Amino acid sequence: MEVAEAKSKKAGPRQCSTCNERRAALKRPKTLEQICRECFYAVFEEEIHQVIVENQLFKPGERIAIGASGGKDSTVLAYVLSELNRRHNYGLDLFLLSVDEGITGYRDDSLETVKRNEIQYGLPLKVVSYKDLYGWTMDEIVKMIGLKNNCTFCGVFRRQALDRGAAMLKVDKLATGHNADDIAETVLLNILRGDIARLSRCTSITTGEDGPIPRCKPFKYTYEKEIVMYAYFKRLDYFSTECIYSPNAYRGFAREFIKDLERIRPRAILDIIKSGENFRISTSAKMPEQGTCERCGYISSQKWCKACVLLDGLNRGLPKLGIGRARGLNNGLEKDSKQTNGTKNIQSKQCGTLDF
């Protein structure tokens, strides 16, 4: 009889471990607590608010661009920042900033989501495109180089495109939806690549403070699974399809490894971030000196920034020119190249001077 009663108690609905009033609706991936929806919303938003306050991410009166792709991370970031800005009187002017890479069947669809978010959240939207900035779409780039190294081109171009869009909006900071999973993956990737320079700064919640437009990550300690849960329960409008050109991206292998670790030990994600924060780079390690690109004026540790090198290779019909760490990567790139084999002249679409 006692065993039967114990079983029925165990099988009954659990109460929320936070309020002890409502029925638990989910288990938090970060803490494994049984919690109701209302308490989950409150604790999710409060944790992000505390990260913003403790790290002094924003100042009253600042113009903030939110990198908006239409995916779950950026959609939740736009929604939560809008809510917190009103609730806690941050005094921020918020904008949505999207990059159109020119990927048919993926980015064109996700941008429709961003346009709906513009209306739903009442935030002005600015869209910049690879075609306008560089003279190439990702569809055209992939057609030339294939699928193997396309993420290198897209990552480099996208970063610079966001900075250019932020400069057009004349914002003070750019907020991105990078979450705890993303940062843990980046720590592992930089270790695997032996990239000391990036390893030393990849866990920083704010980067580029010495540059024209700093970037910040309000979701630094927020788990991807919790972002998905929040978007699902709040019924937010977001685009969930993965990029059609990145199924074999190197980052994907690190992501799968992180997921495996999380299943065994949920705190593993935060532990990896903490390890990255505590890394100390040897004083004897030679770090790249930051300067500006001689061609477009963008931040670079070389004569030409990576975007200009890649763009030069595309325009000269040598798309592999900027791939890898070849010696003398910039050697000879300053020389004007004549149009050959039907490719575009390098001067026809320059990387462009950043208006900072």
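Positions of Cβ are set from backbone N, Cα and C atoms, glycine also.
A TrEMBL annotation is a machine prediction, not a hand-curated record.
Straight from TrEMBL, the features:
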- 64-247: domain 'tRNA(Ile)-lysidine/2-thiocytidine synthase N-terminal' (DOMAIN)
- Gly67, Ala68, Ser69, Asp73, Val99, Gly177, Asp182: ATP binding site (BINDING)
- 291-321: domain 'Cytoplasmic tRNA 2-thiolation protein 1 C-terminal' (DOMAIN)
Greatest C-beta neighbour count within 10 angstroms, which of the binding-site residues Ala68, Val99
Ala68
Students should find that the Cβ of Asp73 (ATP binding site) has, within 10 Å, a number of other Cβ atoms equal to 23
Rounded to whole angstrom, what's the largest C-alpha distance between any two of Gly67, Ala68, Ser69, Asp73, Val99, Gly177, Asp182, listed as binding ATP?
19
